[in-house]
Amino acid sequence: MAGYPPPGSGYPYGPGAGGAGGYGAPPPYGSSPAPSAPPYGEKPPKEGKTSSSSSAPPYYGAGGGGYGAQHPFASLVPSAFPPGTDPNVVACFQAADRDGSGMIDDKELQSALSGYNQSFSLRTVHLLMYLFTNTNVRKIGPKEFTSVFYSLQNWRAIFERFDRDRSGKIDSSELRDALLSLGYSVSPTVLDLLVSKFDKTGGKSRAIEYDNFIECCLTVKGLTEKFKEKDTAYSGSATFTYEAFMLTVLPFLIA
């Protein structure tokens with residue numbers, strides 16, 4: 001199939017399907033940068049427009065140091081709402097923060113998101129918290145919550161764009177196109193594994209619902225970012241110590 005790298009080549013760094021490079025590919029000189037998540041406190045740009053900030057963290061990513069910048073069980077630094085945060089986002093967080101601690105836990109985040117017709121399993125919530133805080137303490141503050149909230153708006157739009165038959169699910173080909181739009185050119189073998197893993201019917205329907213789509217993309221994003229930390233030469237290969245490998249993979253297994 002066009003756009004997929006040959007078996008064993010790792011994730012692609014050259015042009016992928018449709019001329020798009022795989023995630024992590026250095027952009028050609030003169031090309032536009034890859035889509036990025038909006039800066040904290042800034043709403044996601046409309047389709048066809050780019051964020052006003054050139055220093056925005058990578059799409060899906062947490063800010064500040066990137067993945068692996070700290071120990072996974074390090075404490076979360078207290079934060080505040082970024083200037084200009086939508087009052088509805090502030091109110092949503094404050095309603096969830098029942099004890100007024102300035103932090104909300106996994107179940108409080110799950111409840112807060114469900115108020116906006118976004119029902120997620122605790123596993124998906126745990127992955128959201130891990131990737132936006134880079135810790136496993138399972139608490140987030142106002143800044144992280146704001147980033148999660150706005151990023152989910154973007155991801156919902158992506159899901160709806162590729163759910164072309166409006167079934168509430170995306171099939172294998174739609175998932176492939178959605179991942180490509182985010183810059184991930186996965187092989188057919190990896191794509192089949194993703195569909196089998198995140199299909200709620202155990203692979204029988206060969207389709208993924210919205211909450212599992214978010215979990216799937218978080219997993220691909222997080223593992224790719226972890227790999228990129230080691231693959232500084234963009235060669236498609238990397239060397240891990242046993243400890244580093246375990247710390248890379250286990251958070252995604254135990255979320």
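Glycine too: its Cβ is placed from the backbone N, Cα and C atoms.
Nobody curates TrEMBL annotations by hand; they come from automatic prediction.
Features as listed in TrEMBL:
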type     : residues : note
REGION   : 1-57     : region 'Disordered'
COMPBIAS : 11-24    : compositional bias 'Gly residues'
COMPBIAS : 25-42    : compositional bias 'Pro residues'
DOMAIN   : 84-119   : domain 'EF-hand'
DOMAIN   : 150-185  : domain 'EF-hand'
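Secondary structure by DSSP for the domain 'EF-hand' (84-119): 19 helix, 2 strand, 15 coil. Taken residue by residue, the domain 'EF-hand' (150-185) breaks down under DSSP into 23 helix, 3 strand, 10 coil.
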